[in-house]
Structure formats: structure tokens, C-alpha cells
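What TrEMBL lists as domain 'Nucleoside diphosphate kinase-like' is 32-169. The ATP binding site annotation in TrEMBL covers Lys40, Phe88, Arg116, Thr122, Arg133, Asn143. Here TrEMBL flags His146 as active site, pros-phosphohistidine intermediate.
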Amino acid sequence: MALFFKNGVNYALLCTVLSVYWLFSNTAVVNGEQTFIMVKPDGVQRGLVGKIIERFEARGFKLVAMKFTMPSGDLLKKHYAELSSKPFFPSLMKYMSSGPVVPMVWEGANVVKAGRIMLGATNPLDSSPGTIRGDFCIETGRNVVHGSDCVESAEREIANVVKAGRIMLGATNPLDSSPG
């Protein structure tokens, strides 16, 4: 139960409320570009989900899907497949399965590039102040958030999580909540 609460905030309820909010909002300009952002276990544990959402919303991006979830090993291996030959891969898998994550899909003009700039460098020490990693991280191995690095990666990552029905997906018709 402690995983769902941090500083008096019920993150499962927060994710549900934000998903319902999306279903009934139509305030963002849609250009068809989407990106995949995932708050990692340390970001969830430290209560940074709301702050990260606020930053994307402040830029005018629209949250179109999100879920508070414990990722499976299979999903993580598929998501990080291109890193499987790297020496740090086992520790990455251990870290990413150490707690819940919050995968999200954001939509808006140039959201992939803007999202990467907002996140900052993978190594937080190389990240500028004002970026998510620059403000909230000090260690590369626990860098709070993942973001797609290009449109093709975003499409693949969204398909791995959203199209597989592992995340609540808002649809054009609010009554159609099929996973796409």
C-alpha cells in the first residue's frame, strides 16, 4: 500500500483522475506527433510525477494516456532491447523493476524534440538547471524519467505499451477506450 502513497498523495487515484480529465478535455492542439515519457521508479518514489506532468502541461502539451503500473520483466526487456548487450543492462533491469513506473503519452507540436530538451541529458550532471534531470537528479543510473529520442522510437515505445493494452488510452471518441 505504501507504493501508492507518498507525502499524502494517492498516485493510483491521481492517475485515474488525470485519465478521466483527458477523456473530457479537448484543449490541446493536435498535430499528430506523440512521444512516450515514463517516470521511473525513483521519480515515482520521490513524488515527482505531478511536477513532471505540470512541466509538460505548462508547455502546452496534451496528456493522452497514462498508467501507474508495476512493469513486467518481459515489457522492460522489449522496451530496452537495444541496450541488452550493454554491461549495465542487468542493473538497469533491476532498477526498472524495483518499483512502479508511470508511462505516459504526450501529444503536441514537436513534442518529441521538446520533450527531450525538457528532460535534459541522460547524465544528470550534464543537464542544465531548469531541465527535469538538471533539477531533480544527480545519478545517471537513477535519472527519474525516460523519454523517446526520436519520432520512430516514440512510435515503437507507444506501440509496445499502449497498443498492447498496458496503458489507458484516450480515444477520439471518449466512449471508445479500446487500446488501439
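Cβ from N, Cα, C; glycine included.
Note: TrEMBL annotation is automatic and uncurated.
Counting in whole angstrom, Lys40 (ATP binding site) lies 7 from His146 (active site, pros-phosphohistidine intermediate) by their C-alpha atoms. The residues of the domain 'Nucleoside diphosphate kinase-like' (32-169), classed with DSSP into helix (H, G, I), strand (E, B) and coil, number 66 helix, 26 strand, 46 coil. Taking CA atoms as the reference points, Thr122 (ATP binding site) and the residue listed as 'active site, pros-phosphohistidine intermediate' are 9 Å apart. Other C-beta atoms found within 10 angstroms of the C-beta of Thr122 (ATP binding site) number 15, with every protein chain shown included. Across the domain 'Nucleoside diphosphate kinase-like' (32-169), the model assigns an average pLDDT of 91. A gap of 16 Å separates the Cα atoms of Phe88 (ATP binding site) and the residue listed as 'active site, pros-phosphohistidine intermediate'.
Under a cutoff of 8 A between CB atoms, and with a sequence separation of 6+ in the same chain, the neighbours of Arg116 (ATP binding site) are Gly147, Ser148, Asp149. Cβ environment of Asn143 (ATP binding site): Lys40, Asp42, Thr122, Asn123, Pro124, Arg133, Cys137 lie under 8 Å away, each six or more residues apart in the same chain.
A sphere of 10 angstroms centred on the C-beta of Arg133 (ATP binding site) encloses 23 other C-beta atoms.
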